[in-house]
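Let me begin by presenting the structure, written as structure tokens, before commenting on it.
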């Protein structure tokens, strides 16, 4: 601006010192309102599943196949084929998934946004997505970016001679970055000290992320690298800030293949991959393409989020030589693994075991490996000069597959049996790109495999007539006459439904897995009480199914219906007549359809809705409540009304009375909020996590509470919501809102209802 000093606006709206700057420990409630309809340009009536079904899928695949060899001057294809670049794009989109909280993954196209679009491990993937833009533009809303990124990786494999296991669409895009994902607390790229506990002073304040609580279960927070062990902070699944998995040079840049194997096993395991799947993914993925380290990293400019406007969303502008083609700098490593980098082969393993390797450095100065004594010289094609041949090279993380005893055994078997590698890679790749898709009812398209896969948490289809309104009324009558309390009915239904995670769409009441291992043994589910309730409900189920002339009710449905009956009874106790929405159609999975180890990741070690914590955590309980609420896709008002209702329904684990601010438990009243906001009560801590509320006049203890309870009076936003429900005219609204939020949680996994 020519006269900038006279501009009346020195700062734009939203700038300046923020509340978070003043109070860095402030509870982050914004994660409960992200991805609102206001941010979605597609409109509230847009149905992506319907749009995808109208897609000319085969025409799209033909266009993608043609793109693979349509090299562009502005970003030339290595070896004349973009396939390896697109495989990396899809892999790095899906590979952010982690089992601990189900977050990350390819499910919403987050690679387009910060921080992922600017991670050091994603250098040059901005170019991959830009190459795809003409195709995305052509097909528009019928293919999401999330689906297109993954499908392009699949087509890339097929175009280079590999037979994939299948593909499913159904990943709807979002339009802003996920703010709920904890990627670590380091404040510099490729930092890793905090996640291994070596620099605790620089960690973010409590409330940021979920740090390890129980060493026996998750490992200590302190690093024990000197003893050969590294203990990675939960829920992270990458060794350094901005990496997908491991440092390819070795742990902290130390070129030790055996140590690298430990990092690989830890990080791939946290992405739900076992040793065989891990070897297959690495050996299969590295059958193609190359890495890029033509020159020193100081030639590379800022990442996309820091680049100038003129770069138009691209980043990492390279001043080395031409800045592209043979002069490309991505990881700083310059490795080509095979003689056939654009064709499926077993040459990766042939080279890995066919040569003895010695340490060398890339042109950028990064640790990598070459065959000893010049073996294999000139056997590898040059990516951009058909008249040149180069030597084989490997990464430290590649040599891990040879020098780790377990990985070596698997790798040698794949070397001797290429068909086994092909099958294992096809299956592991399919799992990688679909791990966060949820139940099969969300899968779309003509290339779905017919085989039932255990990691998909299969649920049988209902093959019998469902219960009707008359049956539902009769069943609720039997449930309420069974002798089970409101608390028992509601607690059991919550235990089943609240395992749902909106992140990877796992869990929920459908499947009836509450009656199976491991869920029936979880401490949070109160196994003794659960066994009692399930026996009663199974009796009602058996009686109904024996005399229903073909109609059947699953235990999964009956558990939810029992919870609904409890809520309706509690509302009636308070003078309100309500009917909780109920949608039959859930079925019961078998123990054989249930991966006990995999379901273990859904176990709630804390659940603020039930005032439950298995142990003391570094992160405050109220922050963990917000985390749980976000996984349940709840808004702040929904979370608030559920807490208030569940407390007065006496659903705390172990029947503790913390937060049960009522003298009429089992009655659906707004007593929790009225008594929480009562200025006649003074609160004092009895420990870091528990409090007593004493009558200001008499000094006698009226109530006890946890941090989760008191945050609804302490946090200004939550207090504003609590005041709504504590008001004299809010009794009916409270019941109505509780019923709506309850019904939402009960149906979170019913994707079949939304098709």
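Glycine too: its Cβ is placed from the backbone N, Cα and C atoms.
As annotated by Swiss-Prot, active site, proton acceptor applies to 92. DSSP assigns residue 92 (active site, proton acceptor) to a helix.
In the three-state DSSP reading, residue 286 (heme binding site) counts as coil. Of all Cβ atoms in the protein chains displayed, 26 besides its own lie within 10 Å of the Cβ of residue 286 (heme binding site). The heme binding site annotation in Swiss-Prot covers 286.
Taken from Swiss-Prot, the feature compositional bias 'Basic and acidic residues' covers 215-224.
Here Swiss-Prot flags 88 as site 'Transition state stabilizer', drawing on sequence analysis. Neighbour density for residue 88 (site 'Transition state stabilizer'): within 10 A of its CB lie 24 other CB atoms from the protein chains shown.
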Query - Inter-residue C-alpha distance, residue 88 (site 'Transition state stabilizer') and residue 286 (heme binding site) (nearest angstrom) - result: 10
Query raised in the report: Around residue 92 (active site, proton acceptor), how many other C-beta atoms are within 10 angstroms of its C-beta?
Result: 22
Report task. Work out how many Å separate residue 92 (active site, proton acceptor) and residue 286 (heme binding site) at their Cα atoms, rounded off. Result -> 14
